[in-house]
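J.: Following this message is one structure expressed as structure tokens.
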Amino acid sequence: MDQKLSKLVEELTTSGEPRLNPEKMKELKKICKSSEEQLSRAYRLLIAQLTQEHAEIRLSAFQIVEELFVRSHQFRMLVVSNFQEFLELTLGTDPAQPLPPPREAAQRLRQATTRAVEGWNEKFGEAYKKLALGYHFLRHNKKVDFQDTNARSLAERKREEEKQKHLDKIYQERASQAEREMQEMSGEIESCLTEVESCFRLLVPFDFDPNPETESLGMASGMSDALRSSCAGQVGPCRSGTPDPRDGEQPCCSRDLPASAGHPRAGGGAQPSQTATGDPSDEDEDSDLEEFVRSHGLGSHKYTLDVELCSEGLKVQENEDNLALIHAARDTLKLIRNKFLPAVCSWIQRFTRVGTHGGCLKRAIDLKAELELVLRKYKELDIEPEGGERRRTEALGDAEEDEDDEDFVEVPEKEGYEPHIPDHLRPEYGLEAAPEKDTVVRCLRTRTRMDEEVSDPTSAAAQLRQLRDHLPPPSSASPSRALPEPQEAQKLAAERARAPVVPYGVDLHYWGQELPTAGKIVKSDSQHRFWKPSEVEEEVVNADISEMLRSRHITFAGKFEPVQHWCRAPRPDGRLCERQDRLKCPFHGKIVPRDDEGRPLDPEDRAREQRRQLQKQERPEWQDPELMRDVEAATGQDLGSSRYSGKGRGKKRRYPSLTNLKAQADTARARIGRKVFAKAAVRRVVAAMNRMDQKKHEKFSNQFNYALN
């Protein structure tokens with residue numbers, strides 16, 4: 001009974017499941033009901049499992065405790081008698097002993113313990129004084145918030161509050177820094193916006209100011225807005241007689257028309273009092289308005305006109321007149337896109353994260369809207385040409401060349417003049433055939449250069465010519481140097497083809513020469529930097545060096561012999577292996593002589609083959625270790641693949657269902673750590689450091705100032 005109880009507790013607590021197995025839990029309850037001794041033993045086993053450094057084991061053990069606590073008075077007495085230790089193991093009330101990993105299971109354990117203790121106090125708090133005191137201790141001393149869904153302790157809440165305060169402080173500092181940056185850069189941004197707006201107004205003389213009612217880029221003209229306002233019969237102050245300075249830059253179709261309330265064809269509405277008075281200035285304005293409307297063919301204010309501008313017509317064509325403006329606009333827009341707009345977006349993000357600096361946030365949002373509006377204008381105007389600066393430069397250069405060419409006067413060519421006479425017509429003109437131009441020029445250059453070198457007495461050509469003058473004239477060819485017969489020539493060619501060819505080396509350089517200084521080394525007895533002995537230094541002859549200058553090492557790998565045999569081991573499909581390896585087949589091992597059916601000819605090889613077949617028959621094909629490992633990884637069950645592993649079993653986990661705490665998370669830091677701190681990498685680093693120390697020791701070991709380090 002005791003062994004069965006221990007086995008049930010171990011299986012339930014090490015299952016790793018979020019819920020307990022109902023059948024095993026039913027058996028455990030049945031054993032605990034049998035006697036108080038078994039109940040006490042179950043309590044001790046559960047407390048032992050609660051001390052394990054694994055949160056999943058503690059969670060399962062607490063679930064068993066919760067099931068038994070509400071059903072047995074004796075079990076409640078055992079738990080309440082050691083209630084403080086129970087809370088430390090399940091709730092983590094001791095900051096020095098936090099709950100073990102994994103973190104998710106520890107969080108579930110803390111939440112379950114908080115709910116259970118609160119429920120136990122409501123049901124059994126009056127009957128068990130220690131339980132009520134423990135609940136009071138948790139609420140008032142440990143400051144456990146039972147309404148908190150995360151069931152955090154006081155220490156955890158303090159840590160999180162400190163962490164949040166630290167983050168708030170960092171965000172506040174960043175927001176203050178952003179505010180200072182905005183104060184410093186606002187003037188620069190405003191001047192940049194003013195500059196690019198001025199460039200746009202000079203490039204395209206339309207009013208591109210954003211309309212407060214719409215977000216268009218000024219596609220609709222101001223004329224339609226004025227007509228709509230006059231049609232609605234709105235009464236407002238007219239424009240003064242002084243013209244707007246911007247009216248001169250606008251076309252006549254987009255000029256704002258002053259509202260005329262006294263026009264007889266205008267819509268209904270109250271007439272202003274100024275109209276009743278016979279002011280001559282008002283009459284002049286009315287007459288000017290009527291004349292302006294009639295001259296443009298409008299005739300009335302009771303209808304509106306929508307002027308649509310083609311988007312293709314807004315693209316700026318680059319020429320010499322607007323080249324400087326386009327360059328300035330391009331530079332400014334590049335500055336906005338690469339510097340100002342990212343900075344403004346960063347300011348908005350910092351101000352939004354802090355929640356304060358409302359005025360700064362509003363100002364940053366306005367700046368962002370203005371910058372984005374400018375970029376949209378740039379995109380619609382398409383002021384950047386496709387050809388780039390190189391094409392513009394070439395065009396300007398061609399224009400300058402054309403201007404320079406205009407200074408010359410064109411003279412007509414003479415009739416019948418031939419600047420070049422073809423080769424086939426040269427005899428008709430009484431001229432000789434022209435030699436190859438390139439050959440003549442090349443020969444002249446070579447001859448001129450040789451003459452110059454010979455005339456220089458310090459040159460090698462002059463010295464060579466001097467030696468040739470002193471040498472006797474060459475004698476006639478000897479009979480031995482006569483041309484050989486065809487048979488001798490063939491024999492000589494065959495011998496030359498059979499003769500080995502070796503690269504040029506030191507041995508050929510000193511071939512047949514006596515080397516008086518070969519292998520001699522000057523040996524000095526004193527190694528001091530300043531004091532030298534007065535006697536003559538000795539010379540030591542090294543025979544190895546002399547031999548190196550007269551000999552050569554030639555590696556003879558032998559003659560290549562192709563493989564003539566096959567593996568001929570039987571394959572699963574019934575055919576024989578046709579690999580031609582020299583000694584060993586990578587699939588069937590050492591190559592041995594076999595007959596036509598694949599059986600080894602040597603009796604020892606045949607016996608070894610039979611033993612291997614018997615071992616293979618003992619293990620079915622479905623028990624392939626690789627296949628079983630794949631199935632185990634997919635199902636989580638142990639199928640015994642380690643028993644068939646040929647390289648050793650390895651260390652088996654005791655509870656494979658639990659989360660492996662030793663397994664590292666597959667993060668970039670962990671992967672880099674595995675590569676950097678691998679045993680082979682550490683050995684390489686240690687070996688390299690040892691070599692560096694050895695070189696330093698060999699170089700400075702005899703100097704006293706380095707010997708102390």
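Every residue gets a Cβ built from N, Cα and C, even glycine.
Look at Swiss-Prot and you will find 1-10, 386-395, 592-632 tagged as compositional bias 'Basic and acidic residues'. Residues or ranges marked as compositional bias 'Basic residues' by Swiss-Prot: 646-655. Annotated phosphoserine per Swiss-Prot: SER281, SER287, in sequence order. Annotation source Swiss-Prot lists region 'Disordered' at 1-20, 230-289, 386-406, 469-495, 588-655. Feature annotation from Swiss-Prot assigns region 'VHS-like' to 2-145.
Can you walk me through where each of these features ends up in the structure?
T.: Taking a C-beta cut-off of under 8 Å and a sequence gap of six or more, SER287 (phosphoserine) has no contacts in its own chain. Look at SER287 (phosphoserine): DSSP puts it in a helix.
Residues 27-28, 31, 34, 38, 41-42, 45-46, 49, 52, 56-57, 60-61, 63-64, 67, 108, 655, 657-659 of the same chain, all 6+ positions outside the region 'Disordered' (1-20), place their C-beta atoms under 8 angstroms from a C-beta of that stretch.
According to DSSP, the region 'VHS-like' (2-145) comprises 107 helix, 0 strand, 37 coil.
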J.: Reported in the order helix, strand, coil, what are the DSSP residue counts of the compositional bias 'Basic and acidic residues' (592-632)?
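T.: Each residue of the compositional bias 'Basic and acidic residues' (592-632) counted once, the result is 27 helix, 2 strand, 12 coil.
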